[in-house]
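Visitor: Here's a structure for you.
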Amino acid sequence: MINTRKTHPLMKIVNNAFIDLPAPSNISSWWNFGSLLGICLILQILTGLFLAMHYTADTATAFSSVTHICRDVNYGWIIRYMHANGASMFFICLFMHVGRGLYYGSYTFLETWNIGVILLFATMATAFMGYVLPWGQMSFWGATVITNLLSAIPYIGTNLVEWIWGGFSVDKATLTRFFAFHFILPFIIAALAMVHLLFLHETGSNNPTGISSDADKIPFHPYYTIKDILGALLLILVLMLLVLFSPDLLGDPDNYTPANPLNTPPHIKPEWYFLFAYAILRSIPNKLGGVLALVLSILILILMPLLHTSKQRSMMFRPISQCLFWILAADLLTLTWIGGQPVEHPYIIIGQLASIMYFLLILVLMPAASTIENNLLKW
């Protein structure tokens with residue numbers, strides 16, 4: 001009997017990607033985050049679609065329409081909070097996924113890695129524009145502050161900002177276009193994710209040792225399908241605990257006040273998942289310098305393959321690099337904390353030290369540690 005799974009033009013693609021895919025036998029739970037990100041994206045598209053059915057992208061009614069969703073639409077409150085907290089879960093999975101890539105040297109798959117960095121940028125842009133849509137105080141002022149950063153670009157900056165705003169301030173035109181982009185970008189992200197997967201399957205997955213696993217492969221189904229289902233259940237459990245018990249834990253109370261251009265909130269800050277970059281931005285007392293540091297804090301990921309000086313791919317057998325990796329993780333947590341604090345002593349100096357440490361670790365200390373480890377092993 002001819003196996004339809006292996007011969008049908010469409011089924012064949014699914015089969016080669018999720019069923020008969022040869023996978024390393026030793027990949028750990030850190031390899032679960034790819035599938036979890038896919039689940040997050042599908043969840044965000046579905047909840048977002050239902051929210052868009054009731055939302056109005058107009059400055060006069062946007063805030064009221066979100067209130068209407070929560071009060072009057074059947075299960076509107078759960079859809080709204082699943083979407084808001086789903087974004088937080090999305091970024092937790094993203095950071096874990098990128099961290100895994102850094103730790104195990106997955107960035108040596110150049111095409112996969114570079115598309116991943118583009119995906120990270122696209123997701124951050126989508127999340128930023130989504131945060132503007134409820135049109136609360138933090139939505140409005142967040143949009144004003146972040147878009148204003150582009151005015152630091154020499155010569156064209158001011159014109160560029162006014163072009164993005166569609167006027168001389170964040171107003172109706174800005175909200176409408178942000179809604180349009182926020183709606184379309186997740187589909188672009190989905191397409192890019194498929195390309196990401198396509199390039200990954202050209203090389204096959206990396207594994208914790210960083211050594212070729214060609215000699216020991218197992219089929220993706222049933223082994224990793226069941227493992228991914230466990231991961232998905234845990235993801236949904238954590239998400240629903242957030243949604244049902246403390247839906248506003250990660251939000252800002254200021255966003256329950258309708259946007260008012262005449263009243264600036266005392267502390268303007270983005271959502272928690274941007275705080276590390278926001279802290280780096282604020283730690284440089286120069287507009288253009290801060291913006292460059294902000295962009296480079298993410299763009300530095302593209303340089304990772306060039307900064308890899310070790311003769312080994314993974315950090316599994318490199319204790320000095322492991323130590324520096326976890327210092328980097330702690331540094332990012334410190335930056336996240338500082339990004340949410342007011343600009344005053346001692347937070348300013350802590351933020352500046354943490355920012356210097358961030359770039360120093362990635363650009364100097366980790367490559368140096370790799371070279372030391374090579375010499376210790378007489379390689």
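Glycine too: its Cβ is placed from the backbone N, Cα and C atoms.
From Swiss-Prot, for reference:
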TRANSMEM  33-53  transmembrane segment
TRANSMEM  77-98  transmembrane segment
BINDING   H83, H182  heme b b562 binding site
BINDING   H97, H196  heme b b566 binding site
TRANSMEM  113-133  transmembrane segment
TRANSMEM  178-198  transmembrane segment
BINDING   H201  ubiquinone binding site
TRANSMEM  226-246  transmembrane segment
TRANSMEM  288-308  transmembrane segment
TRANSMEM  320-340  transmembrane segment
TRANSMEM  347-367  transmembrane segment
Visitor: Out of H97, H201, which of the binding-site residues has the smallest number of neighbouring Cβ atoms within 10 Å?
Guide: H201
Visitor: Tell me the Cα distance separating H97 (heme b b566 binding site) from H182 (heme b b562 binding site), rounded to the nearest angstrom.
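Guide: Just about 23 Å between their Cα atoms.
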Visitor: Okay, the transmembrane segment (178-198) and the transmembrane segment (33-53): do they have at least three CB pairs under 8 Å, pairs separated by 6 or more?
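Guide: Between the transmembrane segment (178-198) and the transmembrane segment (33-53), which are separate recorded stretches, there is contact, as judged by 3 or more close Cβ pairs.
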Visitor: With the transmembrane segment (113-133) as the reference, find which of 77-98, 178-198, 288-308, 347-367 contributes the most Cβ pairs under 8 Å.
Guide: 178-198
Visitor: How big is the gap, in Å, between the Cα of H196 (heme b b566 binding site) and that of H83 (heme b b562 binding site), rounded to a whole number?
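Guide: Taking the Cα atoms only, H196 (heme b b566 binding site) lies 24 Å from H83 (heme b b562 binding site).
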Visitor: Does the structure show the transmembrane segment (226-246) and the transmembrane segment (347-367) touching, where I'm treating 3 or more Cβ pairs under 8 angstroms (sequence separation 6 or more) as a contact?
Guide: no
Visitor: Far apart in sequence but close in space: which same-chain residues, 6 or more away, have a Cβ under 8 Å from H83 (heme b b562 binding site)?
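Guide: Spatial neighbours, sequence-distant, of H83 (heme b b562 binding site): Q44, T47, G48, L51.
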Visitor: Determine the Cβ neighbour count for H196 (heme b b566 binding site): the number of other Cβ atoms within 10 Å of its Cβ.
Guide: 21
Visitor: Compute the C-alpha separation of H97 (heme b b566 binding site) from H201 (ubiquinone binding site), stating it in Å without decimals.
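Guide: Cα-Cα distance, H97 (heme b b566 binding site) to H201 (ubiquinone binding site): 17 Å.
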Visitor: Looking only at residues six or more beyond either end of the transmembrane segment (347-367), which have a C-beta under 8 A from one in the stretch?
Guide: 279-280, 282-284, 293, 296-297, 300, 303-304, 307-309, 321, 324-325, 327-328, 331-332, 334-335, 338-339, 341
Visitor: Using a 10 Å radius around its CB, how many other CB atoms surround H182 (heme b b562 binding site)?
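Guide: There are 21 of them.
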